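Chemist: Have a look at the structure that comes next, please.
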Amino acid sequence: MARTFEFHGGVYPPERKQRSLVPVRHATLPSHVVLSLDQHAGRPARAIVAVGDRVSVGTPIARRDGMISADLHASISGTVTHSDALAITVEGDGHDTWQRLPPLDWRSVDTEPLLARLEQSGVVGLGGAGFPTHIKARLGEQQRIDTLVVNAAECEPYITADDLTLQGFAGDVLDGAQLIASLCDARQIVVGIEDNKPEAIQALEHAMATSQPLPVTLSVIATRYPSGGERQLIKALLDRDVPHQGLPADVGVLCHNPGTLLAALRAVRDGEPLVERLVTLTGDALADPGNRWVRIGTPIATLLEEAGLQRATLDQLIEGGPMMGTSLADTDGVIRKATNCLIAATRQELPPSPPESPCIRCGACEDVCPAHLLPQQLHWYARAKDDDKLAHYRLFDCIECNACSYVCPSHIPLVTDYRSAKTRLRHQRLEAAKAEHAKHRFEWRQARLAREEAQKQARRQARLAKQTSGQPTGAQSTSPQADLRSLRIAQTAAKAAVRKAEKNLARAAQQDPGESHEDLETQLATAQENLRAADAHLADARNASAPQETR
Amino acid sequence: MLHASHNDRRLLRPAPSTGSIMRWVIVATLPGLATMTFFFGLGVVSNVLLAAAFGLGFEALILRLRKRSLHPLNDSSALLTGVLLGASLPPASPWWLIGVGMLAAIVVAKQLYGGLGHNPFNPAMVGYALLLVSFPTYMTLWSPPQPLWPEGLWGQITGSASLAQIDGLSGATPLDAFKHKGAGVSAGDFWAGQPLPEGTLNAWRWVAVAWLAGGVLLLAKRLISWHIPVAMLGSMMVMATLLHGFEADRFASPWLHLFTGATLFGAFFIATDPVSAATSQRGKLIYAAGIGVLIMVIRTWGGYPDAVAFAVLLMNLGVPLLDLYTAPRPAGRPPAPAKERS
């Protein structure tokens, strides 16, 4: 077993995982699903089906829009009954007919088709952020990745989805890890798991023996929240500090959760797009808790009823874990790609927090902060809206794990304060950059017009070249060779600009998956237009000089 | 029924509340208070009860005047301030002295700064320092060990006893006595001369041990961290040992410094007040070590034989600066962020 290291702080909340540690079942096929178009980081997908269209399980119903976005597929077979800017509703026909892509053997297929497959299958991070997996896999093109970390810590109380995924599919998860590792050229795979999952550990140990080609290391770490935080896990497993405003890739690491790896493998090996996921249904208000394979878009109410929801005792419904999850106001929502857990809690198990009292600077929050911040100072300055001080005390380094709120004897909703301060500051930045963003949009329009003009010109030239083939047309260009050369240089530069814009966007989106990155998407679109224009110019010039060259 | 809003926060387990922390600290003062009562009589109890009553009364009064709810009384912080000031005063202090002290502590030092959590200075020590400066005669009259119900107790508390009467009942504290022994007297001669009423030194030692026991309870309950007591006592001991080693006749032994006066009480119950102490661990170490050094400096070269209150208040002044310069390095940040600051 590999050596492990310590990260700062952390808390030991009650685990409460036992109730959902029962054999996994398939949820009943829902009669209808609501597939929202924004189940991933970045821009919402764009619908490509219309009301009345027949779809099978796995039929693409929406395509990604921009770079950070993901495709979406029908998760049941039936008819599209509703489609708007937010979501597509599919009424099921009860047949569950599938539309799969051809299986691929990832060990013998090139990188590009594999990345394309991940993209077409709508695979996104299932741990919570919903970041498109193919974008993350491409990070290896820009940065040296040496280690793929399988984040199986699952440190939040209640949740057991990763645990049971590993108990049932350890081999497939490791295979998925090998697949992603090969895409980003990693040299080793490290699985990080908390020591409260003995059965998953056993399954992993068994599967590791045959996993190849890369060596797999299993690191069992002490159970301590939030060991599953990316930075904390990387510190605990590899003793590497992800730099501030950096990504794990900056220290040569890529992190994936087991569910994502399994979905990636299925997309490639079985040609199955992401249409279902494992969801933990738990809480004392459920008579029949456990983990279920649930189709994306399944109404939460149906799912909970099936698990024996007792509405009389239900006091709070939480999506995600009790530390970082969000309270749902009602049961009207649906399961999304990133929904890993639903907790139907009674008042006894999660009583309301007592009223807030003043901070006494006891420092309990500082001791548990895994980001090594001073939460109480942040609290002070967040309430006072002192932006300089908030920057000084590194508000944006906060990972919102809620360890501070958990230990606060004055019951101050610290993270809630930080979130609203962050929102306010982001809004300010956005306002400050408004003019610049408008300029970028203007540049994009200009680039698009120029590209259209260039393409028109190229088509005209191509026609002309065909008509007048055999006759010299070099009159319009005095030195076609020199012209071609400069155009080639321009095209190379445009390509580089696209790569740079892609890199900027991918980084920003990974750092802040929940935020909008419209401006960077616009800048990327501009670069892409410029590249297309450069392509057209080059084609144009080639056509013009082609007759001469053939002489 | 669901009635949860988006940011509704729930408890995963019953967390300790601010009020329960304060009450546990009060519980931890009990060994010290009981031992003090045993040696110095019920005047200790009257001090504490009067101070606590004044504390709650002033807090309620100010909350009323500020048109706030009386809910904050539940946090027991005013009660704790009363207990701490009551324990610091000479036993059987007159009621008006306690009242003035608590007025300074609760009204001036705490509520005028915005209430719990907003006071830059330790309220109990503000009260103590004010009394020490304003009423030095009353504040330096520590009785020698007494029976449980000492003669004239009632008169002292009600303030009807004259100063001369009180003076007749009280004596010097060991630190005070040593300080004023005179330059020509060697330490050995001084102690051989039985300078204090019988049992005085013994009583102070037992009281110190009892405060230490309360401090251990605080540490065991994780209500305070080790940083402040260890750094404060450590710096005091190092300095006292050096001075004593340098000239034993002039400078009291480290043991006298440790086991008499308010040293252990201050290390565990006063300097550890989280509101007025530094917050980061490094900051706490510097803060507490500073208190220890200042105590030794004032005791040795200053005009006051004890000095815990002044040392704490002086270091309270430095807390904002300490907090600024001892902020820990956030994870993933390069070391020495102080250079980035403008």
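Glycine too: its Cβ is placed from the backbone N, Cα and C atoms.
All annotation found in TrEMBL is predicted automatically rather than curated by experts.
What you see is a predicted model, and the numbers here were worked out from it, not measured in a lab.
The annotation domain '4Fe-4S ferredoxin-type' is assigned in TrEMBL to A:350-379, A:389-418. Among the features that TrEMBL reports, [4Fe-4S] cluster 1 binding site is placed at A:Cys359, A:Cys362, A:Cys365, A:Cys408. Per TrEMBL, the feature [4Fe-4S] cluster 2 binding site maps to A:Cys369, A:Cys398, A:Cys401, A:Cys404. Summarising the annotation, TrEMBL assigns region 'Disordered' to A:450-484, A:498-551. The annotation compositional bias 'Polar residues' is assigned in TrEMBL to A:468-481.
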Chemist: Compare the C-alpha of A:Cys398 ([4Fe-4S] cluster 2 binding site) with the C-alpha of each of the binding-site residues A:Cys359, A:Cys362, A:Cys365, A:Cys408, and give the closest one.
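Modeler: Nearest candidate: A:Cys365.
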Chemist: Could you tally the C-beta atoms, other than its own, that fall within 10 angstroms of the C-beta of A:Cys398 ([4Fe-4S] cluster 2 binding site)?
Modeler: 23
Chemist: To test your reading of the [4Fe-4S] cluster 2 site: which residues beyond A:Cys369, A:Cys398, A:Cys401, A:Cys404, same chain only, put their Cβ within 8 Å of the Cβ centroid of those residues?
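Modeler: After dropping the recorded site residues, what remains is A:Gly9, A:Cys365, A:Val368, A:Pro370, A:Ala371, A:Leu373, A:Pro375, A:Ile399, A:Glu400, A:Asn402, A:Ala403, A:Leu414, A:Val415, A:Tyr418.
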Chemist: Looking at Cβ-Cβ distances, which residues of the chain lie under 8 angstroms from A:Cys404 ([4Fe-4S] cluster 2 binding site) while being 6 or more apart from it?
Modeler: A:Ala364, A:Cys365, A:Val368, A:Cys369, A:Pro375, A:Leu414, A:Val415
Chemist: Note the Cβ centroid of A:Cys359, A:Cys362, A:Cys365, A:Cys408, the recorded [4Fe-4S] cluster 1 site, then list each other residue of that chain whose Cβ lies within 8 Å of it, in sequence.
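Modeler: Counting only non-site residues, the set is A:Ile360, A:Arg361, A:Gly363, A:Ala364, A:Pro375, A:Gln376, A:His379, A:Cys404, A:Val407, A:Pro409, A:Ser410, A:Ile412, A:Leu414.
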Chemist: Among the binding-site residues A:Cys365, A:Cys398, A:Cys401, A:Cys404, state which ones have a Cβ less than 8 Å from a Cβ of chain B, giving them in sequence order; state 'none' otherwise.
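Modeler: Checking chain B against the binding-site residues, no residue falls within range (Cβ-Cβ under 8 Å).
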Chemist: Going by DSSP, is A:Cys365 ([4Fe-4S] cluster 1 binding site) sitting in a helix, a strand, or coil?
Modeler: helix
Chemist: For the domain '4Fe-4S ferredoxin-type' (A:389-418), provide the mean pLDDT of the predicted model.
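Modeler: Mean per-residue confidence for the domain '4Fe-4S ferredoxin-type' (A:389-418): 90 out of 100.
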Chemist: Within 10 angstroms of the C-beta of A:Cys365 ([4Fe-4S] cluster 1 binding site), what count of other C-beta atoms is obtained when all protein chains are considered?
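Modeler: Around the Cβ of A:Cys365 ([4Fe-4S] cluster 1 binding site), 28 other Cβ atoms lie within 10 Å.
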Chemist: By DSSP, what is the split of the region 'Disordered' (A:498-551) into helix, strand and coil residues?
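Modeler: For the region 'Disordered' (A:498-551), the helix, strand and coil counts are 47 helix, 0 strand, 7 coil.
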Chemist: Can you give me the Cα-Cα distance between A:Cys408 ([4Fe-4S] cluster 1 binding site) and A:Cys401 ([4Fe-4S] cluster 2 binding site) in Å, rounded to a whole number?
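Modeler: With distance taken Cα to Cα, A:Cys401 ([4Fe-4S] cluster 2 binding site) is 13 Å from A:Cys408 ([4Fe-4S] cluster 1 binding site).
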Chemist: List nothing but the one residue from A:Cys369, A:Cys401 whose Cβ has the fewest other Cβ atoms within 10 Å; the candidates are the binding-site residues.
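Modeler: Lowest Cβ count within 10 Å among the binding-site residues (A:Cys369, A:Cys401) is A:Cys401.
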Chemist: How many whole Å apart are the CA atoms of A:Cys359 ([4Fe-4S] cluster 1 binding site) and A:Cys401 ([4Fe-4S] cluster 2 binding site)?
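Modeler: Here the two Cα atoms lie 19 Å apart.
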Chemist: Could you find out if DSSP has A:Cys404 ([4Fe-4S] cluster 2 binding site) as helix, strand or coil?
Modeler: helix
Chemist: For A:Cys362 ([4Fe-4S] cluster 1 binding site), which residues in the same chain are close in space, meaning a Cβ under 8 Å from its Cβ, but six or more apart along the sequence?
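Modeler: Those within reach of A:Cys362 ([4Fe-4S] cluster 1 binding site), by Cβ under 8 Å and sequence separation of 6 or more, are A:Pro409.
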